[in-house]
Amino acid sequence: MRYLVTGDQMKEVDHYTIDTIGIPSLVLMERAALAVVCEIEKLVNKKSRIWVLCGNGNNGGDGIAIARMLHLKGYRTTAILAGKRESATRETMIQLEIAKKVGVDLVDYPDFTFGECDLLVDALFGLGLNREVLGSYREIMDQVIASGPALTVAVDIPSGIHSGSGQIMGIAFRADVTVTFGWEKLGTMLYPGKEYSGTVVVAEIGFPEQSLSTIKSEFFTFEPGDANKVPLRPAYSNKGSFGKVLVVAGSRNMSGAAYLSSLAAYRTGAGLVKIFTVEENRTILQSELPEAIIATYDPKEADASTEAFKELLGKQCEWASVIVLGPGLGRESYVKNLVEEVLTNAYVPIILDADGLGAIADNPDLTGYFTENIIVTPHLGEMARLTGSSVEAIKKNLIAAAREYADRFGITCVLKDAVTIGALKDQRTYVNSSGNSSMAKAGAGDVLTGIIAGLLALGLEESDAAALGVWLHGRAGDVVQEKYGGYSLLASQLTEEIHTILQEQTR
Ligand SMILES: NC(=O)C1=CN([C@@H]2O[C@H](COP(=O)(O)OP(=O)(O)OC[C@H]3O[C@@H](n4cnc5c(N)ncnc54)[C@H](OP(=O)(O)O)[C@@H]3O)[C@@H](O)[C@H]2O)[C@@H](O)CC1
Ligand SMILES: [K+]
């Protein structure tokens, strides 16, 4: 597991480390600069022309220290000062004085003659960027971009990218490598910032782990090796030991989603999966997945909400230890009754997905039945329908959108996008780092739902199952992409690779 931070949180960590622990900020700055120089030396030689573009804040201070180190090592380095020297921070002023004394080529931006550049070191704005880049700074950035540096190394975060949301604040540099300090920033994890950051190197520069205790909301991601968080299946067990997953899915002629969710739940380790669907789907589901139990309902009875239907559904809910509600249910009027009955009868974790969420969007009163064991898994379009916001507005701050919805009902919200967010009911926020664009295909969401159900069936609680499920799903997608390339993935292939990831368990 890796912690992630916003720029504001990192500033709290800075303050704690400097003021409470007592590590001087110039010591941190020196280590930050050394870490960047170490990466730069992998990319250039002594003939390379290096520009270090420095702002007025401490990001610029890092830049001047980097320019000094490169100069002392014999690299052809020019530090371009973008702001007025007299308005620099205390640390940056000190760096300027040191740089002058050792003969660093320091040029104020208006006096700089642009030519060819082999490497741009971007130290204009770091975590202090707090508004749109306009006026003279925008002009400088335009000019630097137009001069076409062959490579760009960003210090802490590419200038122009917001450290909390990943949004472009008017204009941004595109880095090949970003060297960031302490912990990765959300801004380089989330699009479009992720695309502008290149390879992100996290440099350890002396922040003690305890400084994270100053942070209130926790952001994290998983990484290879975290499959060992999936509970082991003990040897002394039977199929009932590993949970019973009820998949309420599939209207007439829509058996595919039910199949994919059920298969994924089994592949993740669930002991028993029962599909509750319409009679027309029985034969096909039985032949596709004979391991699943099939139970059926009559849509007319569901539509009329008869006592017999309620009793039947009540029994299914009683049987289940986990419920998947929604894949391929369609938009017919009885779906509302189905969703309402499950929400009122079940006291187990429920993953509400796809058409189940559509029913909630069409009948917002149903949210009155939400309890803390609900996990919703909307994609952006579904989230827009649930909240009444536009997709564009949600995209501007995915984390805020997911967190707001989760907190409104005290539930877990998995907001699916190129970087999926898990706003967990325990207040931690998961930011996914696995997966790829080949997974943007029909059925991939049904597989995710099934994986989360499988993890719940194995005994994980909702927050852990949601986060780990998203990560496993993406890892399976990465394995499929390695084998089949970026175009040909089928959602069913994701289920065929779940075992590959689970075998990464090191225990
Ligand atoms: N603390 C430490 O010890 C360590 C810190 N470290 C380094 O410090 C960095 C953070 O430094 P920082 O806080 O000084 O902010 P930074 O990003 O340099 O820029 C702030 C300046 O930009 C300005 N400004 C903002 N937006 C603007 C806009 N749109 N257009 C124009 N101006 C704008 C803003 O102006 P103001 O808002 O005050 O008007 C201010 O002058 C961090 O990323 C890391 O690299 C490391 O050395 C490790 C130790
Ligand atoms: K920067």
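Yeah, the Cβs are placed from backbone N, Cα and C, and that goes for glycine too.
Record features (TrEMBL):
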DOMAIN    10-213  domain 'YjeF N-terminal'
BINDING   58-62, 126-132, Tyr137, Asp156, Ala257, Gly328, His379, Asp446  (6S)-NADPHX binding site
BINDING   Asn59, Asp122, Ser159  K(+) binding site
DOMAIN    222-505  domain 'YjeF C-terminal'
BINDING   Lys416, Asp417, Ala418, Val419, Thr420, Gly445  AMP binding site
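Structural mapping of features recorded in TrEMBL.
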residue	record	Cβ contacts under 8 Å, 6 or more apart
Asn58	(6S)-NADPHX binding site	Ser25, Met29, Thr89, Glu91, Thr92, Gly126, Gly128
Leu127	(6S)-NADPHX binding site	Gly7, Asp8, Met10, Lys11, Asn59, Asp156, Ile157, Ser163, Lys185
Asn130	(6S)-NADPHX binding site	none
Tyr137	(6S)-NADPHX binding site	Gly55, Ala82, Leu124
Ser159	K(+) binding site	Leu53, Gly55, Asn59, Asp122, Ala123, Leu124, Phe125, Gly126, Leu129, Val133, Met141, Ala172, Phe173
Lys416	AMP binding site	Thr377, Pro378, His379, Leu380, Gly445, Leu448
Ala418	AMP binding site	Tyr191, Gly435, Ser437, Ala440
Val419	AMP binding site	Met189, Leu190, Tyr191, Lys194, Leu398, Val431, Asn432, Ser433
Thr420	AMP binding site	Val414, Asn432, Gly435, Val470, Gly474
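Checking the binding-site residues Asn58, Leu127, Lys416 against ligand 1 with a 6 Å cutoff on the Cβ atom leaves Asn58, Leu127, in sequence order. When the record's AMP-binding residues Lys416, Asp417, Ala418, Val419, Thr420, Gly445 are compared pairwise by CA position, the greatest distance found is 14 Å. Excluding Asn59, Asp122, Ser159 themselves, the residues of that chain whose CB lies within 8 A of the CB mean position for the K(+) site are, in sequence, Leu53, Gly55, Gly60, Gly63, Ala123, Leu124, Phe125, Gly126, Ala154, Val155, Asp156, Ile157, Pro158, Phe173. Neighbour counts of Cβ atoms within 10 Å were compared for the binding-site residues Asn59, Gly61, Gly328, Asp417, Gly445, and the top value is held by Gly61. When averaged over the domain 'YjeF C-terminal' (222-505), pLDDT in the model lands at 95. The 6 Å Cβ screen around ligand 2 retains Asn59, Ser159 from the binding-site residues Asn59, Leu127, Ser159, Val419, ordered by sequence position. According to its DSSP assignment, Gly445 (AMP binding site) is helical. Between the CA atoms of Asp417 (AMP binding site) and Gly61 ((6S)-NADPHX binding site) there is a gap of 36 Å, rounded to the nearest whole number.
Annotated AMP site Lys416, Asp417, Ala418, Val419, Thr420, Gly445; additional same-chain residues within 8 Å of its Cβ mean position, judged by their own Cβ, are His379, Leu380, Leu415, Ile421, Asn432, Gly435.
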